[in-house]
Every structure is written in structure tokens, then in C-alpha cells.
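According to TrEMBL, the protein has these features:
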BINDING   Gly394, Arg395, Pro396, Gly397, Gln398, Gly399, Lys400, Ser401  ATP binding site
DOMAIN    376-568  domain 'FtsK'
REGION    1-26  region 'Disordered'
REGION    726-777  region 'Disordered'
TRANSMEM  162-183  transmembrane segment
Amino acid sequence: MTDEQREDARRTDPGTVAKHGGTDVEHVGPILDGELVDDTLPQPRRRTLRQRITRWWRYAPRVPLWLARLVGRGWQSGPAVRARSVAAYRVRKAPADVARLAWFVVRGHWRWLVKFWEWATYADLRADARRARLAGDAEARRTAQELIRSDARARWAKLGIALQRIVITLRVVAPVAVVLWAADSLMDRKAMWTWLAEVYAALDTVWSALTAAVPVLLWTVPVLWAVAAAFEGRDGTPGAGWLVQPDRDDADSWIDERMISKALAHLGIGPLDRFYRDGGELVYTVAARKDGDGTFAQIRLPLGVTADMVAARRSKLAANLGRASLETWPTKGDEDGILDLWIADKGVLRGGAGQWPLADEGQVDLFDGVPFGLSQRGLVINAPLIGVNWLIGGRPGQGKSAALRTLLLGAALDPTAELWVFVMGESPDFDPFTPRLSRYRMGMDDSVAEAATQALADLLSEMERRGKILGEQPGRPPKVSRKLADKRALGLHPLVCGIDECHELFQHPSYGKKAAELAVRLIKRGRKYGITLLLATQSPTKDSIPREVTRNVSCGAAFSVADQVANDGLLGSGKYAAGIRATELRINTDRGTCVAVGITDETFELVRTFYVPFEDGADDVTPVIARAMALIEEAGRAIETSARREIEAAGPVEVDTLADLADVMAGDERVRTQHVLARLAEANPEHYGAWSFAALAAMLAEHGITARKSHGVMTVHAADVTAALTRRDTEDETGEPDGEQPGSRGVLPATPPGQHPPDDQAKPGVGRRGSATRDAD
Ligand SMILES: Nc1ncnc2c1ncn2[C@@H]1O[C@H](COP(=O)(O)OP(=O)(O)OP(=O)(O)O)[C@@H](O)[C@H]1O
């Protein structure tokens, strides 16, 4: 910096450059946070107060408009619309409500009168005495009469005491009142002692309070009285019904008896309509109450109405209740005239079952069942796999194989269980099971059908072997128990055989018939021996699944099915009529949900099955199988293959001559014996090809059938064959100790691993973890 420049700087800003020692130092002030302001840009104008007022004045006319818009928006908001519609509804209903309230008041008085009469006449005790007399129970009658007498004595005694107290009080109060009155009349208050004057002042205050309160009381007491009477005479429906609008808006609220009665009143069932017209009130044997993820009520229907009639109008009932058909389950109760009604909370069934509780950890004791899905009540269902057989069916792609897989995965986690799987089609659904399976065949070729048929034959032989072993045990136990199953040397471990797409097997041209016969025998007799057959099919018709199979399996699971035939084929005859309908399950929408019978003590369950994914690169099955293998190793066991030893021992398949005879009757009323022989030979040349009339006669005699003469020729009558079949069935069911009772549905194991899920289980989509239930031996 030159001298001139420094001088310039000092002139312009004397503080910026100062002498410091011998050097000139430039002083810079403290640097503050700042912003460069370009004052060439237009700057905001500062408004004066006047300008502001003018501006407000200009906008003032718009304020009411804004306010109006604000109010309009609030008026149109959801809560306001709802509140308005409820208010309008209540206004419309006001006359009816007033009449109803008046009726409640009258009825309330009547009820009080009845109560008083019952109290005064000891009606309850008298009724007890009457009942006891009718029942011939002298002791109970005497007790009731004694009670009436002692109660009457006590009542009169209480009345006497109360009167006595009143008299004593009057005796004390009356002289005091007279004295006070006399003193007040004779003396001037000013001349009284102070304390007496104060007493009079207090009495005056009390008196004025009373005179002020009496008119108020004269108004309020009758009002309170009327309110109390209305309360006494109200309808016994729960909830503040008058607060809600029973229109569609309101349909997702709770379900109560009022709504159910209303919905039933609009079903168009003649006798029910008449009942309502005549002022009838439905009897709720179980009042509407929360039951899992829905509401349950049980109703005794009036004369002329059956539960089936209501079930037949399910969609109308669902619409009346503001629910989907799937969410509305009217079914037959213990009697035809009792309606069990379960209504799901709105939309709750749309949620899946959540993760399979055993997906990551846990072990299974097959005698306790396998977690299979969530019931409509939101509880985990431990499906039984011992002492039962399963038939799972439904339209394609609705979850049959997945359900079968879940059951078998559960079985795999019991280290004592032996598993066989046959898939009658090209499907890799069970491939990951391979290391855990003792037998596995998959495919469409004849060899798979042959292997499956052989497996059924082997299971029969195994069943017989087990029967013998059981008979040799001390105390001749009637069935395989956990204790016996754990004794490896006996070979009585659980043996589960799953056949997917089983209709392919039963319809196979070469092996179908044989397989069907074997399956029927196995289903009828295998349950006591720890042998379980799990069948899955797309097509549960009488042509694809033997009727005896559908009649005798104890657990049926129906995913979405097309019609009544398929429904009843899977769940048992009469189920559709009784309202137990998998036809209500919507294809694809309700994939994974099935209607099941026999898996719990309930008449039916609507099960959201657990899904263990094995598709599109997701594979949760393999890790479970790896765990199952580890469990076997930990238990020091090997994969059970005991039945393989019996394969060679399996004898030829028995022919059911009576069933064949029934088949060849082919719906004819009577068939000539000659034609019967020919038809039998055609159906099974191997067995009947060489039969003579004598052989046929012997066979008929064996089944108690006599060939009868008709128009000069010997004929077999279809009625006789049917009678013989019925006879045999009855014997199977009642006489034969090994037979599985048709329709005897499985029950939940006595000690299921945590039957009740924790609170978080109540909502769909949350699975309950399985527990290690038992150490393997
Ligand atoms: N419980 C479930 N939860 C959710 N999705 C499921 C469930 N069960 C099955 N699914 C879905 O449905 C698809 C079809 O299932 P699955 O193969 O078991 O049907 P299916 O009835 O056996 O069909 P098909 O008769 O054609 O063999 C599965 O790939 C899966 O995506």
C-alpha cells in the first residue's frame, strides 16, 4: 500500500487502518452472518396502517363467503353427513319412538305390578312347591312351604318393627313440634332466648327450602317415575339401539338380536312372517354374543319354520344383515327348529391365516394334531391326524394341495411318523418332502397308479399285522396309543399316506377299482391302528371317488366347490341343506379358505388354512423338512420304513362280489341271472370269467339274496341287492369292532398344544407359534 493510498483510506474510514508498531495494520470489525443485498432489485413495500385498513376493507366483503365455504365444507364432511342422516332418521322415527316409549311406560308399570304380585304372593316359592309336588318330591315341597311360612313371618315382623319405629318417632317429634308451635304463637321472637330464635330461623330456612323444592319435585318425580317405568318396560335388546340408524351406513356396526330379528323378518318365509305379524318375539336360546371374529346367536324358530328354511335363504339374510354370504352362516342347531347363526365381523375373513405356527420352530406329536388353520372364531385348529381319514376337495387352484402339504408337513415334524405320498399327476408340490418320505411317487403314468394301489394293499397288510400285535399286548389295548407308538420294536408308529389328485387313481382303467376297494377297507378299519389316509381331489363326484369313501371318511375339507353334489360328497350328505356350504366360497377370492367337518367338535368349521409357500422361487417347505430330518436324528431314530418289509407279504386284492353285483345291476329293477353272470364276467374276466350258475347262486346265498322267478326266468332283484348292501353296512358300522363309524367326525385332541391363541391371534394374519410338545423317545 503506498502512502497516498493509506492516506485515502484514512480519509474515507479512519478506523480501518491503524498504526501497529512499525507496520500499518488493517482493522476489520467482527464478521457477522450476513447476506449480500442487491438494492437494485425491487424491495417489498412497507404498508402503512391506513393502507392495511384499506386492504382489509377491500377483502371484508369476501369474509362471509369464506366463512360460508368453511361451514359448507364442514357440513359436507363424513361425520357431519352421518350425524345429519342419523338425526333425520330419528326425526322421521320420532312419532313411532314416542309411541314406543309410551308403550314402554305402560309395560314398565305392568312389570312392576307383576313383580309386586309375585313378591306379595311368594310366587317363586309357590312355583317351587308346585314343581316339587308334581315331581313327587315331598322333601322339596315341604322345604318350599316352610320357606313361604318363615318368609311371611319375617315379612310381618319387619312391617311391625317399621310401624313401631314410626310410632316412636311420632311420639318424640309430635310433642316437640307442638311445644315449638305453641312457643312461636305465644312469644315474640325478639323476646326469645337467642338459641331458640336461631332454632326458629333454621326451621324457617328449612321450610322455605322445602316450599321451593316441592313444586320442582312435583314436576321431576313424575318424570323420573316415567323414565324408570320406561326403563323397566324396555325391550331386552342390548346396546343403545336408538343411537344408531339401522340403515346400510350402519351395517358394519355390531350385530344384535334386534338386527337379527329384523333380518329374519324380511326373508319371505311364510310362517315366520305370520309369526311376526301376530306380534311374536323370537326366543334367543343364546343371545347374540361376540364369538371369535364374529357374532354368534342361537334362535328357537317359531312353529312351521326350520333352520334349513333359513339356510336356504342365506344370501337374502346376508344382505339384510349387511354382510357377504360368506360372512353369514345360518346352520341347523341341535334340533331342526334351532338356528345356529354365526356372522363374521365385516371383512375379517378376507385376511389370511398368517404364518404357520411351526414354520420356524416346534415339533409335533401327531396324537395331539397338526396346526391346520384359523377357525371362524380366530382360534388355531389343531387338525386330528390319528384315528381319522381325510378327504380334501375343491375346484382347481383353491388350495387343496397346499392344505394336504400343511398336514403332511406337520406329520413330518413328528419324528415317529412314517409318511407316504403319491401324486397322481405331474406336480412338484411334494418334491421337497423326498428325504422325509418312505414312499414317494409322482406322475401320470400307469406305474404311479400301480405303486399307489400296491401301497394301499400294503397298508391293509400292515393294518392286519398291527391288529395282531395289538392283540398280543397286555390288556389287549383297543387302539394304538402314543405309548405304544413310541415302542419302536412294535412298529405301531403313526403311518400317514397322502394321495393327491386321488380321483385319477380311482378312475384308472386298470387299477381304479382295486384301489377303490382297498381304500374303502382301509378307511373303515385302519383308524385304530394309527394308519391315516389323506385324499385330495378336484372332483368329488360319485364317479371319481367311491361312495363308500365319501361316506366313511371322518374329516372332510371343501374348498370352493361348484355345486351341492361336490359339497355333500366332501362334507357328507345333507350338509348343503343344513347350510354347511362350500359353494359360498368364491373361487380365487377365498382361495385357501375351506369348510371343514369332523376336525373339531363343532358341526363345521370355516377354516382359513395356513399356507407354507412352495412356488415362484419361494420355498419354506425345504427348511421344515430339514428340521424334520434333524429331529429324527436328534431322537436317534431312522425314517420309519417298517411297512416296506410287509410288501412281499401283501396278498392278492380281495374282490367285493356284492359291490360288483350292485354295479352290474346298473340301475335295473331286476336282471336275469344269465345276464348277471355275463355282466360280471365282462366287468372282471379274471375273477368271474369261469363262474357257473352254481357259483353265482352260492355268492347270492352268501349275501342272503335269493334269485326269484319272474315271467318264467330266474332274476336278481335290485331291491334285494340294496338290502344286502345296507345289511352289510350296518354290520360294518355296528357289529364289526374295527369299523370307523360313518360320520363319526374327529375331535380336537384332549390336550391340544395351546388351543386358545394369545390375544394377538384374534386378528387374522397373525399366527401362533407352535410349541415343542413332546420329546421324541
Ligand atoms: N392357505 C392359502 N393361503 C393363501 N394362498 C393359498 C393358500 N393355499 C393355496 N394358496 C394359493 O393357491 C395356489 C394354488 O394352491 P394349490 O396348488 O394348493 O391348489 P389346488 O387346489 O391343489 O390346485 P390344483 O387342483 O390345480 O392342484 C397356490 O399356489 C397359492 O398361491
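Cβ coordinates come from backbone N, Cα and C, glycine included.
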Note to self: If I restrict to non-local contacts, at least six residues apart, and a C-beta distance under 8 angstroms, what lies near Ser401 (ATP binding site) in its own chain?
What the structure shows: Ser427, Asp429, Asp500, Ala536
Note to self: Around the ATP site formed by Gly394, Arg395, Pro396, Gly397, Gln398, Gly399, Lys400, Ser401, list the extra residues of the same chain whose Cβ is within 8 Å of the site's Cβ centroid.
What the structure shows: Gln538, Phe559, Ser560, Arg591
Check: Where does Gly394 (ATP binding site) sit by DSSP, helix, strand or coil?
Finding: coil
Notebook entry, point to check: Once near-sequence residues are set aside, which residues in the chain of Gly394 (ATP binding site), 6 or more away, have Cβ atoms under 8 Å from its Cβ?
Noted result: Lys400, Gln538, Ala558, Phe559, Ser560, Val561, Leu570, Ala582, Leu585, Cys594
Notebook entry, point to check: On the 0 to 100 scale, where does the mean pLDDT of the domain 'FtsK' (376-568) fall?
Noted result: 89
Next item on the list: Among the binding-site residues listed here (Arg395, Gly397, Gln398, Lys400), identify the one with the smallest other-Cβ count within 10 Å.
Entry: Gly397
Note to self: With Cβ-Cβ distance below 8 Å and at least 6 positions apart along the chain, what are the contacts of Pro396 (ATP binding site)? List them in sequence order.
What the structure shows: Gln538
Next item on the list: Would you count the other C-beta atoms found within 10 angstroms of the C-beta of Gly399 (ATP binding site) for me?
Entry: 24
Next item on the list: Please report the DSSP secondary structure of Gly399 (ATP binding site), reduced to three states.
Entry: coil
